[in-house]
Amino acid sequence: MRSVLNVAVIAIISPDDKNKDYPTYPEWKPKKNLMLSSFFWGYICLQIGAGQLAKNYGPKQFLCCAIFITSLFTILTPVLGGVLGYGGVILCRIVQGLSQGFLVPSLHNLLSQWAPVTERATWGSAVYAGQALGNVFSMPITGMICNSKLGWPVAFYMYGGLGICWCILWIFLGADSPSKHKSISKDEKDFIESSLMKEEDISEIPTPWKSIFTSLPVIAIIVTHCGQNWGFWTLLTEIPSFMENILHENISSNSLLSALPYFVMWFMTLVFSPIADLVIDKKFVSVITSRKIFNSIGLAFPAVALISLCFIDTKWSTISLLVIAMGFNAAQYSGFNINHIDLSPIHAGTLMAITNSFATICSILAPLAVDLIRIMTGFEESEKALWNIVFCTTAGIYLVAMFFYILFASADLQPWNCSDPKVAE
């Protein structure tokens, strides 16, 4: 739902008004990246508070509310856009961001309660790669809807409706932890709980803020998360525009080609994550070595692919490099992205909220940086020179994040992962 606008915006701002059954707003074109980035204005606000609430009161209810509100305002986007102009779209995006601020901290809290140590990479990758898999379906489907007689508003109504259906299922099937699940078998429950630390009432454990913010391994995750988000959201928000302006693809073929890298990303997640868990389970390497290896694969290969794009002009070579960039980026799900739980299962949701808050700043800046580069250089979106600068900048950020993680990351359980405030601080 958060990415439907990335494709639909091409139809929304199109001057081609063949179908009178739904409106288009070509006058919104200068505000395109503003609308795309506005989601993160709300997203950044509630992250840390959301992590604390999910820890203290359980993530199930917050996850449900987050998806429901996001779904509702997805449905309202065409309506408020028609009434309030592009400001209505921005309003919907901000509210969606506020609600989805609860999403990732709640998911990380769930993972810390459900994922055994030797299966964390697989579980975490399966959960977070869902975003890539969602793009695989949503991008081409959105493109086809926008290019059909149904029109772009129907895409928003459809995804919002599906989100509300998911909420109904989650109410009956979801649970905060194995001990609270109604139908889990005793053997499965015992296996999961025995592989994790002894359960405590984590709502009573104070959060060691000072220790967290002065922890170098946490800072390493923050830096890496920022680099990953800059790259991921640059590509997610700008690939459709790149396809349209440089490869000259219409919205239907554009959305299919834009989705291809995310399909490969999802598939490669299924390859990388079991290997990452296997090498830990068989003790071929330590946990932190595995995290650093896969994190490096996830950032270095995309950086090289993006730099290579500057020297390629043919359509299918360009698409192949984008596929390589996103495919290998899947390895980071078995790197820094699951490292929070290694450091502190108790505070995993809060840690993810903190690192994701900083990373969200980069998510906001990434699409706006494209506009800034365009203004500073005078290049237009139809000029390859603009995209060369965008891709090289993104590659450089990937590499800085990778080396920082190699130098300073850790997978050791931190001393502040405990209920003793004196040890915590």
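We number each residue from 1, going along the chain as drawn.
Placed from the backbone N, Cα and C atoms, the Cβ positions cover glycine too.
Quick look at what TrEMBL annotates:
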type: DOMAIN; residues: 1-413; note: domain 'Major facilitator superfamily (MFS) profile'
type: TRANSMEM; residues: 34-50; note: transmembrane segment
type: TRANSMEM; residues: 62-81; note: transmembrane segment
type: TRANSMEM; residues: 154-173; note: transmembrane segment
type: TRANSMEM; residues: 256-273; note: transmembrane segment
type: TRANSMEM; residues: 293-312; note: transmembrane segment
type: TRANSMEM; residues: 319-336; note: transmembrane segment
type: TRANSMEM; residues: 348-373; note: transmembrane segment
type: TRANSMEM; residues: 385-407; note: transmembrane segment
Interface-richest range of 34-50, 256-273, 293-312, 319-336 toward the transmembrane segment (385-407), CB pairs under 8 Å: 293-312
Within-chain partners of the transmembrane segment (293-312) [C-beta distance under 8 Å, separation at least 6 from its ends]: 121, 224, 227-228, 231, 272, 276, 285, 318, 321-322, 324-326, 328-336, 387-388, 391-392, 394-396, 398-399, 401-402, 405-406, 409
Region pair the transmembrane segment (34-50) / the transmembrane segment (348-373), three or more CB pairs under 8 Å: yes
